[in-house]
Amino acid sequence: MDRIAITGGAQLNGIIPVSGAKNSAIKLMAASLLTDQPLRLTNMPRLADTKFLGKLLTRLGAQVDEREGLDGSETVLHAAEITSGFAPYDLVRQMRASFNVLGPLIARTGQAKVSLPGGCTIGARPVDLHLQALEALGAKIDLHEGYVYAQAPRGLKGAEITFPFVSVGATEHAMLAAVLADGVTHIHNAACEPELLDLQICLNAMGAKVEGAGTPTITITGVAKLHGATHSVIPDRIEMGTYAVAAAMAGGEVQLTRARPELIDSLLVKLEEAGAGVVRTEDGVIIKRDGTRLNAVDVETQPYPGFATDLQAQFMALMTTAKGESRIRETIFENRFMHAPELMRLGADISVSGGEAIVRGVDRLEGAEVMATDLRASVSLVIAGLVARGETTVSRIYHLDRGFERLEEKLGACGAQVRRIKGDAEGGPDHD
């Protein structure tokens with residue numbers, strides 16, 4: 001398996017262009033199943049996860065054409081005919097979000113057989129809410145031997161859907177299914193993440209009638225048919241936040257371009273509170289820090305627009321060398337401090353109890369061999385390695401390749417001493 005080696009001590013100075021959002025791109029790709037006309041997605045990230053979903057869409061009958069356009073990478077998806085409604089375990093297990101093809105398949109063809117996603121390394125993330133939403137829309141759902149058998153021979157019907165708790169994936173899934181339902185659907189207690197607004201913009205460009213994405217109530221008036229469209233994927237706020245933290249950690253001055261800093265306001269406020277310089281620009285944000293040591297600050301993960309759980313691991317890495325004691329509370333997912341023991345291998349002083357971690361800043365981290373446990377944890381180890389004395393080697397970096405496009409290249413262009421060490425072919429475990 002490949003590894004990444006980081007030699008600590010170099011400041012970061014330069015420009016990093018932010019890629020399109022992975023968490024938006026994979027749902028937009030699933031939306032291509034809703035029409036028999038081409039959907040052209042620009043500002044597309046080139047990641048392992050988008051490749052996994054492309055393979056699944058191809059299995060279902062879609063044509064997936066990746067190309068380079070004037071605005072960077074783009075993907076054209078054309079599901080002129082759904083030749084199969086079967087999404088097998090060997091593909092769905094590779095990425096949980098691929099389960100979201102279920103709704104579009106039912107909406108367009110009236111039937112589907114989709115594997116349950118399987119296990120997840122970040123605690124319990126059941127798909128019960130997804131299935132309940134589809135049942136509310138009139139789908140008949142049966143579970144048998146690890147597969148979801150879904151039917152709606154007379155089509156889906158508009159419905160009132162109220163989620164008992166906020167779920168980004170379930171909200172997106174309900175939107176994808178309801179756009180072709182007969183009648184009006186109201187989604188209550190909907191997730192408010194910006195990726196949902198991005199999905200709404202794309203669906204409406206395809207002829208859907210969706211209102212309210214980004215608020216707790218989404219209204220969808222079903223239409224009989226969708227058409228093709230061109231849509232630019234929203235910038236990746238998690239990648240943006242990750243490089244912002246990396247710049248604050250290593251010191252120097254990094255300009256993030258093709259970015260929307262308002263999407264990570266909750267993080268930028270904490271960086272300023274810790275003592276980093278934050279300058280918002282027309283095209284993004286500049287993060288800078290001189291040799292002054294950062295101050296410890298507390299964070300608590302919350303649904304958007306609160307502090308993102310997907311930035312918690314990165315921020316913990318930042319706090320390992322801050323002055324004082326930081327309390328980090330994780331309220332979104334259980335078992336999401338698996339990066340803490342690996343950071344401790346680098347010399348971090350961290351205590352974990354339930355959903356809270358206490359980070360006591362140390363003067364210096366020491367390079368060591370560490371292992372990535374999931375996507376965000378893996379990049380937190382790279383961030384810590386930027387300041388650790390000596391060399392830090394991160395293994396199991398297939399996690400990184402799922403969510404960060406050209407990470408070594410982007411950091412290296414700013415002066416980081418980071419390189420990929422090629423290994424044997426990677427299988428990798430099931431992905432979340």
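Yeah, the Cβs are placed from backbone N, Cα and C, and that goes for glycine too.
What Swiss-Prot lists as active site, proton donor is C120, and the listing cites sequence analysis. Annotated phosphoenolpyruvate binding site per Swiss-Prot: K22, N23, in sequence order, evidence recorded as sequence analysis. Sequence annotations record features per position, and here Swiss-Prot assigns UDP-N-acetyl-alpha-D-glucosamine binding site to R96, R125, P126, V127, D128, L129, D310, I332. If you look up Swiss-Prot, you'll see C120 marked as 2-(S-cysteinyl)pyruvic acid O-phosphothioketal, on the strength of sequence analysis.
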- Message: For a quick check of packing: other C-beta atoms within 10 Å of the C-beta of I332 (UDP-N-acetyl-alpha-D-glucosamine binding site), how many?
- Response: 20
- Item | Conformational class of I332 (UDP-N-acetyl-alpha-D-glucosamine binding site) under the three-state DSSP mapping | coil
- Task: Name the secondary structure element type, per DSSP in three states, that contains V127 (UDP-N-acetyl-alpha-D-glucosamine binding site).
- Result: coil
- Task: Can you grab the distance from D128 (UDP-N-acetyl-alpha-D-glucosamine binding site) over to N23 (phosphoenolpyruvate binding site)? Cα atoms, rounded to a whole Å.
- Result: 20
- Task: Using all protein chains in view, find how many other C-beta atoms are within 10 Å of the C-beta of D128 (UDP-N-acetyl-alpha-D-glucosamine binding site).
- Result: 10
- Note on the structure: Spacing of the two Cα atoms, K22 (phosphoenolpyruvate binding site) and I332 (UDP-N-acetyl-alpha-D-glucosamine binding site), in whole angstrom, works out to 19
- Message: Just to verify a number: CA distance, N23 (phosphoenolpyruvate binding site) to D310 (UDP-N-acetyl-alpha-D-glucosamine binding site), in angstrom, no decimals.
- Response: 11
